[in-house]
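Have a look at the structure below, then the notes.
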Amino acid sequence: MKRSRVDIGLSKEQYADDESKDEVTHGFGQHAKASDEVMRGRRVVKAVVASTRLTELKRHTYALNQSFYQGIKLQSSQNAKESWLENMKEYLSFAQEIDGRYGDHRGVLLTFGSGDCGQLGHGVEEDIDMCVKFPRPVQALSMHRIARVACGGLHTMALTHEGSVFTWGCNDDGALGRIGDENLPGQVTGFPEGTTIVTLTPYLVPTLANVVDVKSGSSHNLARCADGHVYSWGLGEMGNLGRPVSTEIRDAHGEYNLSVVFNDHLTPQLVKLNGKPFGCKALGAGSYHSLFVANDSGGIYSCGLNNYGQLGLGHDVNQTELQLVEALGSKNGLFVEGGTHHSVVLVTDGTLYTFGRGDSGQLGTLDDPGTGAFKDSPQEIKVPGVTGFRAVACGSNHALAVTDQDAIYSWGYGDMLALGNGVEKDELKPRRIDWTKTKFGAAKILQVAAGGQHSAVVAEKATK
């Protein structure tokens, strides 16, 4: 049962009444209003105005062009006669990704799976709204052009083309960033453009410049900048931050040493390889592990928890520093994604590789996996009739992939209908979602996303 809440907001009448008083009480204690002299002495700043989508499109395209130029330059210096074909395939894939995020599309959001906490956005009044077998448009967002979607364990968020953010689902820990109805999409309201913010003393807000991509695990974060450098922060006890872990992180009683956690973990730091800043063109985060694609070589690197071989290194030993996935050494990585205990890699030729835990079918390669079954080295996914994939997403224990022809395949844990095929069972191998069940018509798939027990698709009506 979900927790009940009390709306602590003020009514317009209460606010007007308070304005006429010298002191106000809102249920948080009594606080005297500042004098005019104090107000004049406070530092006044303006809320930051969000960049336009066109600006973001230009910024990301510039970063892509810079990365492409550096890659070609390095390749030419090493072998002037080597073909640029793989480089061009990679460039086009990233350009398509950028266009999907920031281009002028009319994206429609569809969700499916389990919605017992409202994470599907269809409401919770009827069973048909909480157990959705096939991708279904979220009607509450039908008037908005959806640009991106992200699925958490029990909540979902969507970004519109106009820059508004909507959230819905479980809000027990404040994940929605707002109060109000949790079962249907609600807008997250921040500071409107031009809002005046008063600070008592000057302060420095540490920021990361020119961030072009971010990923989050269960308790850690990764941010990739336009120059390819990566910053990590959060709780990195398993090595998921890509840096050494102090033996003093816990005391003799097993309690966290907060000074070590704050200084070594919660402060963003550069991810390094052999002591030098690591150049990265794509990154991914599992629950407690991290994945990277190197800028220069296209090599796949991993670090963090490895109890089910989710790092792809041929063993199950945790790694606190970046390690090359040597089994994919001859491949040029494109995208990487992580689940709870498994990983998926998409390379530039459209091939998918998986490694890690597979007892729910999340690897998409095992015929009869037993409890706890895993593969600690990359396994190639082969789907009859499919020549290549162009996008992939990992949920906790399932995955989705999009082909060059805009077909969606899913595999893994299926008891909660998160695979979108209408069947409450695991799929050991990739199975194509029957798009005709959506009654959406021909579509261009802009993005797929996967959560704990639900999934989402951003699609656009196909043009002839």
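Placed from the backbone N, Cα and C atoms, the Cβ positions cover glycine too.
As given in TrEMBL:
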DOMAIN    186-457  domain 'RCC1-like'
REPEAT    107-162  repeat 'RCC1'
REPEAT    163-227  repeat 'RCC1'
REPEAT    228-296  repeat 'RCC1'
REPEAT    298-349  repeat 'RCC1'
REPEAT    350-405  repeat 'RCC1'
REPEAT    406-461  repeat 'RCC1'
The repeat 'RCC1' (298-349) [mean pLDDT, rounded to integer]:
97
Considering only Cβ pairs within less than 8 angstroms, which of the stretches 228-296, 298-349, 406-461 has the most against the repeat 'RCC1' (107-162)?
406-461
Looking only at the repeat 'RCC1' (107-162), what are its DSSP counts of helix, strand and coil residues?
7 helix, 26 strand, 23 coil
